[in-house]
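Contents: one structure, followed by commentary.
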Amino acid sequence: MKIESYPDTSSSIEHLTRMGWNAHFQARAESLAGDGASPARVVGVSKNSFRLGDGQSEWLASLAGRLKHEADGARPVTGDWVMARDSLISGVLERQNVLSRGASGARGSQNARPRHEQVIAANLDAVFIVCGLDRDYNPRRLERYLTLVYNCGLNPVIVLTKADLHDDPTLFVGEVEELALGVPIHLVSAADDDGLVALAPYLSPGRTVTMVGSSGAGKSTLVNRLFGRAVQLTGAISNHVGKGKHTTTSRDLIVMPQGGMLIDNPGIREIAFWEVDSGVESVFPEIEKLALGCRFADCSHINEPGCRVLEAVASGELAEGRLENYRKMKREMEYLAQRQHKSAERVEKERWKDVALQVKALKKRR
Ligand SMILES: Nc1nc2c(ncn2[C@@H]2O[C@H](COP(=O)(O)OP(=O)(O)OP(=O)(O)O)[C@@H](O)[C@H]2O)c(=O)[nH]1
Ligand SMILES: [Zn+2]
């Protein structure tokens, strides 16, 4: 191991480990450490600069010229590990995972389809899906968030907050258990700190959690309560970037007193997908199972004869709203998969055009 290539020896590795550093990144860093760069984690991103941390200090850095021209998806996001020398980022280490969603580009337009990928955060151990038990509570939206998280291959944890607003909030837990099979569900209240200790294991040293949820769900309040007394640090960190107060548009990685890290996210208005993994199947296993009993293998469960899924809706075994949500997300995934297939074909075509041109040029020269 080339620990010597880092300015400080073992102690700096210990600090990095507390920030989530592991063998995966170590292996990738070794090939990039030659130019005197050392590893650091992206703890905040603003328009033109990145806030880096190595467990000992934080500083601002910018991208080396050649990295600026790389595709958007390669731009460092909060949670990324990078190689940096002073205030220059020379490389981004291959991510272990990312939470990403589809962004339409045309914000506000009603039926805008996702046009590009928006990477929300990288290198995560879990995703808290935060849902307030007030107007925010919406089982169908929870299913969408679950699909989003599963599509990215990440571990969802459902946090039902504002439990203090109800006499018997466990009723919600029962309902959510049915739609989120096998997913950990935590009932908490930031108003009286109820249930918060159960979240501590997710935030043990070296672990990174990000939060998703709509605006007003109670995410920031939760961060503050989990952080405890040193709440104002979030504000202080943002000042460092020169942005003034903590804004809802920023995405900061906060090192918690418990040792783990929490990435707060601005509320998501529209949950659009980008990854087309098996998220829908994971969220709706009972529908997938019922579908095996449909007469037609390609049954769309809309009006086909012999549809076992529709039978289940008729008999009250399956909620119609849940089926509708399933069908809607399936359609979105199919659309996305087609689009991504098409653009992959286009890229391939362009590549062959290039090759053909090069061959032509070679022949001419001869
Ligand atoms: N009663 C009660 N109110 C809460 C609780 N948690 C948050 N709230 C209130 O809910 C509102 C929204 O909370 P925030 O933490 O700002 O919500 P957010 O998810 O961070 O919202 P964005 O930053 O816009 O994404 C605030 O008025 C909080 O005081 C809770 O546990 N109980
Ligand atoms: Zn069917």
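Just so it is clear, glycine is given a Cβ too, placed from its N, Cα and C backbone atoms.
Caution: TrEMBL annotation is automatic and unverified by curators.
Note that the structure is a prediction, hence the values are computed from the model and not measured.
Taken residue by residue with DSSP, Thr161 (GTP binding site) is part of a strand. For Thr161, Lys162, Ala163, Asp164, Gly213, Ser214, Ser215, Gly216, Ala217, Gly218, Lys219, Ser220, Thr221, the entry in TrEMBL reads GTP binding site.
Cys307 (Zn(2+) binding site) carries neither a helix nor a strand DSSP state and counts as coil. Here the Cβ of Cys307 (Zn(2+) binding site) has 21 other Cβ atoms within 10 Å, regardless of which shown protein chain they belong to. Marked as Zn(2+) binding site by TrEMBL: Cys294, Cys299, His301, Cys307.
Taken from TrEMBL, the feature domain 'CP-type G' covers 116-271.
Under the heading domain 'EngC GTPase', TrEMBL lists 122-269. In the domain 'EngC GTPase' (122-269), helix, strand and coil residues by DSSP number 55 helix, 30 strand, 63 coil.
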**Q.** Among Lys219, His301, the most crowded of the binding-site residues [Cβ within 10 Å]
**A.** Lys219
Q: Within the domain 'CP-type G' (116-271) only, compute the mean pLDDT.
A: 86
Q.
Out of Thr161, Ser215, Thr221, which of these binding-site residues shows the lowest number of other CB atoms within 10 Å of its CB?
A. Ser215
(Q) Assuming the binding residues for GTP are exactly those in the record, Thr161, Lys162, Ala163, Asp164, Gly213, Ser214, Ser215, Gly216, Ala217, Gly218, Lys219, Ser220, Thr221, what is the maximum CA-CA distance in angstrom, rounded? (A) 19
